[in-house]
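First up is the structure itself, then whatever we jot down about it.
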Amino acid sequence: MQEILGWSARTPRAAERVDAVGELTTSTTDVRDASALKLLSHTRSSTVLAMGTLRDRLRSSGFMLIVVLVSAAAAYGQMDAASRAHVLPNWIGSVVAFVAALRWVPQMAPWFRQAGLYGRDINKPWRNNANTSTDNKAGKGQATAATAARSSDHEDTIVPEALGLVVAAVYLCALCAFHLYRGPEVTPYYNAALASVTFMTLLGFADDVLNLRWRYKMILPCVASLPLLAAYAGSTTVIVPYPVRSALTRAEQWLARRAGLPLLAGWSPEPVPRLLDLGWIYKLYMLLLAVFCSNAINIHAGINGLEVGQSLIIGCAVALHNAAHLRGWFSTPVADPERLRANHLFSLDLVSPFIGASLALFVHNWYPARVFVGDTYCYFAGMTFAMAAILGHYSETLLLFFIPQVFNFLYSLPQLLGLMECPRHRLPRANPKTGKLEGVPSHFNLLNLVLLICGPMTERQLCLVLLSLQAVCCAFGYGLRLLVLRHVAWF
């Protein structure tokens, strides 16, 4: 969704395309500028150079690898021997998924670029400074061959897009392998997971290619989540917290007095039951959760590494939450403890390969990005979290790990609903003199709000601040749930 993501402006495929042998041809623009010849010979070499050395990229993004390893060690330490034996093959497969995605993403990137799936990284101040005069002469919405040739001098300008498709394919292959290993008893759950992820990946790729309208982005995730709801065999009963029951009791008594109705004899101080069966309302909530998760990551984006980085942090929080349940830290009365244990082990089966494959994509998407993840990855990541929470039976807890996304959605709501003008790109403004990004007050999203509060930052600094905020919010949600369930008479 280009109007929300805003980090790339796709070159019209009718104007130019890269053919199978790496030559730039034009179908509607006649290339007469002599400087365009440089672009013709430079295209293939810049594609190779743009990927950089793998060692350098691993070094620059190594902090996220440390985060994932520490989270994996913490989760593994919380498990008993049986749980460790269950997850060990899964984690080995996740390492294989990491290696496969790490290798295939740079190999597939030139193919996506040759197919016309690429964008321009408009957050780089040097690009805005170098091309301002030429772009003004060319006119709004047009780019001359000379402009394209000058842009080619900077290997960060044109970046292959929608490489999230490669990661989604690796993830689906991993799920199929785990399905064969686990046996037929979990077939309905794996089938539901595979169907939902495949559908959302298709939707994201269609959005990258076709720029779907907003109404389709709201409707299609509902269809994609139907296999999850059909496979959901858990309870639709929720525990009403004691403060809520007490507040409802006082409210009912107050309304009765205001209406002049006498209180019935033997009035119960807790008229609201402790266990409340929501029925279809609970399934409607899960449906809306899938829609929200699929779009929340998509609108909290716009700078190198943010989409994959926030997904990795949420994935680590989800894995730690599942491991804590296996250890019994969140001990609450349940009718079937073994079923609860199986649910969280299955959730780990879903999240672990996602973390492995996404970590490989982060290596190539970290600043300065050599590939763009596209809407394909955003929808794929959101649906993965939703299906892990729904099939793992902790859909209420998942929102505690989405606090920045929830805030960003509420803050952006006036523009998303059309109540205020919503520009095509809601990115911060790149200052070519300072080399930093500056917040734009009229762009209502978390990126600009952080810049307005903290002052101008480089793109890398801004992403690190946002990822740190994501980690703090996930730790807060994790600690809040642990505190409430273990030390507060909440239920």
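Yeah, the Cβs are placed from backbone N, Cα and C, and that goes for glycine too.
Here is what TrEMBL says about this protein:
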- 61-79: transmembrane segment (TRANSMEM)
- 85-105: transmembrane segment (TRANSMEM)
- 162-181: transmembrane segment (TRANSMEM)
- 187-206: transmembrane segment (TRANSMEM)
- 218-240: transmembrane segment (TRANSMEM)
- 280-299: transmembrane segment (TRANSMEM)
- 311-330: transmembrane segment (TRANSMEM)
- 350-369: transmembrane segment (TRANSMEM)
- 376-394: transmembrane segment (TRANSMEM)
- 400-419: transmembrane segment (TRANSMEM)
- 464-484: transmembrane segment (TRANSMEM)
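Highest Cβ pair count under 8 Å relative to the transmembrane segment (350-369), across stretches 376-394, 400-419, 464-484: 376-394. Simply put, out of 162-181, 187-206, 280-299, 464-484, 464-484 has the most Cβ pairs sitting under 8 Å from the transmembrane segment (400-419).
For the transmembrane segment (162-181), the list of distant contacts is 89-90, 93-94, 96-97, 100-101, 104-105, 108-109, 112, 117, 187, 190, 193-194, 197-198, 201, 204-205, 208-209, 349-350, 353-354, 356-358, 360-361, 364-365, 371-378, 380-381, 384: same-chain residues at least six beyond its ends, Cβ to Cβ under 8 Å. Across 187-206, 218-240, 311-330, 376-394, stretch 311-330 shows the highest tally of CB pairs under 8 A with the transmembrane segment (61-79). Within its own chain, the transmembrane segment (311-330) has Cβ neighbours under 8 Å at 64, 67-68, 71-72, 74-76, 78-80, 83, 297, 340-341, 344-345, 347-348, 351-352, 354-355, 358-359, 362, 377, 381, 385, 388-389, 392, 394, 397-398, 401-402, 467, 470-471, 474-475, 477-478, 481-482, 485-486, counting only residues six or more beyond its boundaries.
If one looks beyond the transmembrane segment (187-206) by at least 6 residues along the same chain, the residues whose Cβ comes under 8 Å of a Cβ in the stretch are 162, 164-165, 168-169, 171-172, 175-176, 178-179, 212, 217, 220-221, 223-225, 227-228, 230-231, 290, 294, 346, 350, 374-380, 382-384, 386-387, 391.
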